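S.K.: Pasting in a structure now, in structure tokens, and then I'll have a few things to ask.
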Amino acid sequence: MLKRNIRLIHGQDSQQVLEVQYAEITHFKDNFTLMATVSALLAGFVFMVFGLEAEQIGEYSKLHATSVAYMVAATGSLCANVLVVCLSTLASMLGPGLALRGPEGSVARALEGMRDEHDRVVRLFLFGVYSFFCTVVCLAWFEYEWPVAAPVSALVLGGIVALRRGSRQLARRFALGEEKAAGSGAAPKPPDAPPPAPPPAGAAPAALEKRGLLQKRGHVRKNWTTRFFEVADGALTCALTYRDREGGRMLRSVMLSGETITCAPVDAADGPTRHAFVVKLRDKAYELELCAASDDDVADWVRAISRNSHAAFRPTPLMSGALRGRRISSGVLKLNAGFHTYAATLTCERLALADDGGVTDVRVARAEAWDGRGRLRAYAPGFAVVEDGGARWEFSCESDDDRDAWLRRLRGCCGSHEHAESFREPPSATSSELPAFFARHSEHSTMCKTPDFGAQQTEAVKAKIPAAPTMTAKDRCVAALGGAGLWTGLVALPLLLKDRYASVFPAAWYAYDPASTATPSPLGLSLGILAVVVGQLFVLAYQYARWRGSTRLGPLVLIQPNEDRRYDYAEGAATHLSQPEGFVLIGGYLSLTWLLRLMPHAYYGFEGGVDWARVLGCLLLQDCLQYGMHRLEHKAHPKIYQESHKPHHRFTNPRLFDAFNGSLPDTLIMIVGPLYATANLIHCNVWTYMAFGSVYANWLCLIHSETHHFWDPLFDLVKFGTAADHHVHHKLFTSNYGHLFMYWDMACRTYKSPRNVRQFVPNGKPPRKWAGSAKHE
């Protein structure tokens, strides 16, 4: 009787499993039907693209890159949507057929196959939707001029961002979690089943503690420094912590529990000792190179670290408490993102946030102060946390003590203290310790105001930023006229010749026939290169006056007063002008595209003057594309960054002559590519393109200047790029990717004001003197 009852119970369980599996198969079938219907509708819309007259596409394909992009995007969208329709139809027919008519076990096979196919079709479906949006953008640029196409593209891109964020939010909200789906084939667990029993006492190995001094190789400078390490946290040990000294400030705390760890001796020929070993955390791509005193010491450390990586260990939290915060994904605030109250627990570099919806595990990559400013209102100051994936969390604190305590712990866990300055207030610098052009700062002018650090200064640093010397009304007028003369000089050649070219050059030199296949006259190309050269002469003369110590063009205030670079003007100018990846490469690109007729026909025309609206449009579009390529070089892959943009970032305190000192791939990716795209998206005549090219090339030089410019307060007001803004990027690497405009950084929340950069505050020591002028000696 007992065996009979057991068989009945197993039969009932199997029947329940089959019912759940059939319900899940029906769910997948409905999903396939819905995706096929929507994809068929999108494919019908896209198919209308191919109804355009063939001669229209053929005519524009020779002139516009938009026609090629238009057809490629339309073809990709059509293929993706048709694939979704076909695969969804086949899966809806074959999957349920196998489940109903197959042999024993076919239901589980059908369910597993439909689940895998469902994931692939969803990816194809999203690709089809995104490519449909891209088709709309290309159609706008193909059919209309840029005043119409630009706002249409902005709206469509906004829709893409909204779709991406909405889909991710829904995926997180309706995620199944770590448990298997109900139809996975296993018998369902009874609702009243008791919780699983705790592991037996011998399941986890005994804790092993280890403390002592080790030599650690730096991650940036690759030098060896002595640090105090400990693999201990009471009785249960599962964290690797190191400090600047025994009992000193924590520099990093790494979670070992449950991580995939490689810890083994290595041969370090350049190490302080031969007894070296390496600790690698595969999931976090984090590596520590360490040197011990002896081979026995290495064996003890390897044994302790490996032992404490057991998943059964749980570390002791470093800090816990209530926090009010919100999450911002990829830098753009969600519309419904409000502050929630979390029960926060910090364990090593992991911040666990618990609320009614569950527990969110945040891996802290960086922690920084936050002034509480939102897009629509201001909150109590607090701190911000950046995850490994780039998402940002903002937390509001009730008091400064809470904020400082959390920041101190967070920065100690994620390694920020390794490169941060001390919390001690630096000694104030007296005017006698600073150069002559820093000495007169009794009054603060608009050139360099003393910022209100407030919540930005968690270390309670209250040092003064050096203020500009006091200027009289006459000095201001002279500096303003000098700045206006400089910027006018950048476009002097097109302004001078736009109405006089017919009387200066023969008609055959500027005549252009769009139907001809002959090589166009090089007059426009020569004038364009000459315009940049004339602008460079104005910039070089301006820089020479500043280098000589003249204050007629504005006060001489170093952006980084602690790291003044000493250089010779002749050497700097020669290096600047001879860079092959600078003017040589860009001049070669302009010559190639001009002589081979790769530019739109409008660029070969001399009729009309300078269209300043198109000049501004070209600058905005070029800088927007350059922002994207610049950030791509930083974030796409470490190898890409090393081969392209890293040579330019060796200048952490750049001078004006370092603007084009980088690498050939960097110029091709970040300048030449966006230039060609801009030329094909915004059509203008030769004078407009000359003005745009001269302003663009010379502005890039000016933002690399080592001193503030007189016009920087005005540019900062309208969020044009300043030299201080770009110095922030060279110093921190993770902010201010834009060059000419800061709008893209503000939209993506990668902008950091120079007033909030700790390295731009004097450290109390006199900066190194400038060479080449007796005034600086």
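Just so you know, the numbers here start at 1 and follow the chain as drawn.
Here the Cβ of each residue, glycine as well, is placed from N, Cα and C on the backbone.
Automatic, uncurated: that is what TrEMBL annotation is.
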S.K.: Can you check which of 181-205, 206-230, 306-330 TrEMBL lists as region 'Disordered'?
M.R.: 181-205
S.K.: Using a Cβ cut-off of under 8 Å, list the residues of the same chain at least 6 residues beyond the transmembrane segment (477-497) that approach it.
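M.R.: For the transmembrane segment (477-497), the sequence-distant neighbours (Cβ-Cβ under 8 Å, at least 6 residues beyond its ends) are 471, 504, 527, 530-531, 534-535, 537-539, 542, 552-554, 610, 687-688, 690-691, 694-695, 698-699, 709-711.
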S.K.: On average, what pLDDT score does this prediction assign to the domain 'PH' (207-310)?
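M.R.: Over the domain 'PH' (207-310), the predicted model scores a mean pLDDT of 70.
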